[in-house]
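Reviewing the structure listed below.
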Amino acid sequence: MGRNKKQNPFAARKRQKRENGPERPDRRALPYEEIKRDNAFFIKYYHLQKICASEEEWSQFLESIRDNLPTTFRVTGFKDEAKALLSIIETQLFTEYVRAVAELHQKAPEDVERPLCLPWYPNGLAYQLHLTRKDIRRSEPLYRLHNFLIVETTAGGISRQEAVSMIPPIVMDVRPTDKVLDMCAAPGSKTAQLIEALHAAPEEHKIPPGFVLANDVDNNRCYMLVHQAKRLNSPCLLVTNHDSSVFPNLLTTMPDGSKAILKFDKILCDVPCSGDGTLRKNPDIWLKWNLAQAYNLHGIQYRIVRRGAEMLEVGGRLVYSTCSLNPIENEAVLQRIIKDADGALELVDAGHLVPGLKYKPGMTDWKLATKEVDQIFTNFDEVPESLHTIIRPGMFPLPADEMAKIGLDKCLRVLPHLQDSGGFFVAVLEKRRQLSFEKNDVVELVQLNEKAKQPAAEPQLDEEGKPVEEKSVPWGPQRKKRRLHGYKEDPYVFFGENDPDYEAIKEFYQLNESLSQRCLLTRCITEKKKNIYYCSDPIRDLVLNNENNIKIINTGVKTFVRCENRHTVHPFRLAQEGLQTSNAFMGANRRIQVEREDLVMMLNCTDPTQPPSTHELKKETQERCKELGVGSCILKYVDERFTLYTVGWRGTSSLRAYVHKDETIHILRLLGSDLSKFETNKYEDARVAAAAAADAEAGKSGEAEAGSSGEGAATESTSISGAVDVPEAAKTTSTPMDTEEVTTRS
């Protein structure tokens, strides 16, 4: 009997490969093949649904949805410098755009179509370029446009976003006082829009009394969401990680100190969908589209909007949206929730909020089909029993009399050919009264919250000191152990009443009393704080009341950072990210007004070891510097169009700007300064690198040839010296140089 020897898995794999014959070629090594933009099931299904009014329009629809999507972006509207940036875009950027596109397509500049200002976006702050993402990324004439989009997006000046994706936040009609919930928020472009709307009246509210709670079920996508929203540096944002279909009730503190269940004024349900409205942007969907996706998603879409309706305040507004064209994911979901609400929810027309947008009304009649679209069903009675678990009665349209009462024609259906965009569906619901299935037991919620705050019970130990495992039995309800998905988040530690660090910060920066000390927080339990964040009062209340009830990913904007050195008298410097918030509470002692030339010089100084000397500044600025001690400060620049505030650092004999590179370029652009120092042409850099590599390779080849020719010469010299009559002494005592001389003489 042979020994039971464990086989080597690598050797087994090699044997298997030999048996299977030659390896399949690596797809990554093959040239990229253009995706065929066709799907027989897709075309057959939507032609059946009659989403277009005529055959001519249907042809336009197919032609448009097979084409690439144009690039769109919008300017961040609540910032003071938005108008100045918009002016730069409309003049300098678009002039460069026309020149670059003319060069790219080999046509005269006057024949180039200028970017389109989206007529339905408020204040003319959104533009559509007649270029695709691929054009911008891979065309050298457009490298300046590409650089602009990257830098300004990172700096928070603009947001790149698909045009139709901008519609839901607009029709939500968010006010600075609203409590807003974004139930499926990642990757965060709509969340950023909601934050902008919240901060739309800075002259009226230093910090908006409302807030945005952005949630997503995917832990990894939550960090994408944080990255997207953090560009706007809002203290009124809370990011959570939870399944939105079972989102828990949250507690809030009332003015009299009592607890109540939080209800939201505005809720966005941009639910997961099959995404066939994004075929122009994601052509790979052509390869995998089928009806089963819509049938599978219908249930989760309904549960999300139902949970959203439960959390909505009476009189509040809920926006339901998808990037799908399928009535099973759109109208069928809405008719079901409206019917279940029994008059508590009402569809409202929001077309007046997007004037100039071309769209079609919601559908009131549709058909269902099998996955291959070879069997068509007009009612549930026609569905075979084998499909009853997939196709449900609620997916079919209601009778005509019931359908007329719902008003699905108030929905907005945006099709790609109407205005050269993606496809999208938007509906606006308003809550008239409480829902019959709403659960608002605040006493039970408080008890559960208090129970969650209690430390976990210590495990029982056996005689050997090991934890005793609970015995599982095959009968009765089976409980799965609850597991925390994703990373464990750091705690949220708010300042106490008499925090010594706050007292020192308050004294150094002369903070006024309107800045709430209790809204400052850190993310670690330690006496020596590193980063200090600030959040609004409602956000603080949300965190303290619910941190044991839901997983909180992120909140607060960085305001102060520990920065100790031997020259400063105060250990905390200001953070540029939080200046938008903290600036309103700062005293006059740490402020200095600078001239344009001074600010340009400081921003152009990219070497932190060589900051500009105060003697290089204008005399007016030098005089102001004398009154400013060493440490962090606010640099103020006043222009006739806007006022800029940046964080600075006053050294013993210097003054520098403390700003990130992308924001540096953003400010220099606003100041009309030369940006050639920061302009990068990746194509030119690639050519230089390739040339350097070729030179290096040529140098190696030259050395190799020289080495081989040297060896040949040595061999030849040996044979010659062996042939001539060389004295014996020369043979035994000659150095290499001697040998070379002898060879030469020979």
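Placement of Cβ uses the backbone N, Cα and C atoms for every residue, glycine included.
Annotation comment: TrEMBL describes 1-30 (among others) as region 'Disordered'.
Taken from TrEMBL, the feature compositional bias 'Basic residues' applies to 1-17.
Residues annotated as compositional bias 'Basic and acidic residues' in TrEMBL: 18-30 (among others).
For 61-432, the entry in TrEMBL reads domain 'SAM-dependent MTase RsmB/NOP-type'.
What TrEMBL lists as S-adenosyl-L-methionine binding site is C184, A185, A186, P187, G188, S189, K190, D216, D243, D270. A 10 Å cutoff on Cβ-Cβ distances gives K190 (S-adenosyl-L-methionine binding site) a total of 25 other Cβ atoms nearby, all chains included.
C323 (active site, nucleophile) is surrounded by 25 other CB atoms, counting those within 10 A of its CB over all protein chains shown. Here TrEMBL flags C323 as active site, nucleophile.
TrEMBL lists 453-480 (among others) with the feature region 'Disordered'.
Sequence annotations record features per position, and here TrEMBL assigns compositional bias 'Basic and acidic residues' to 463-472 (among others).
Per TrEMBL, the feature region 'Disordered' maps to 695-746 (among others).
Here TrEMBL flags 704-719 as compositional bias 'Low complexity'.
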All-chain count of other Cβ atoms within 10 Å of G188 (S-adenosyl-L-methionine binding site): 26
Around the Cβ of A186 (S-adenosyl-L-methionine binding site), the count of other Cβ atoms that are within 10 Å: 25
Count of other CB atoms lying within 10 Å of the CB belonging to C184 (S-adenosyl-L-methionine binding site): 23
Between C323 (active site, nucleophile) and D243 (S-adenosyl-L-methionine binding site): CA-CA distance (Å): 20
Residue pair K190 (S-adenosyl-L-methionine binding site), C323 (active site, nucleophile) - Cα distance, angstrom, rounded: 13
For S-adenosyl-L-methionine, whose listed binding residues are C184, A185, A186, P187, G188, S189, K190, D216, D243, D270, the greatest C-alpha pairwise distance in Å: 20
PLDDT averaged over every residue in the domain 'SAM-dependent MTase RsmB/NOP-type' (61-432): 95
Distance [Cα-Cα, Å, rounded] between C323 (active site, nucleophile) and G188 (S-adenosyl-L-methionine binding site): 15
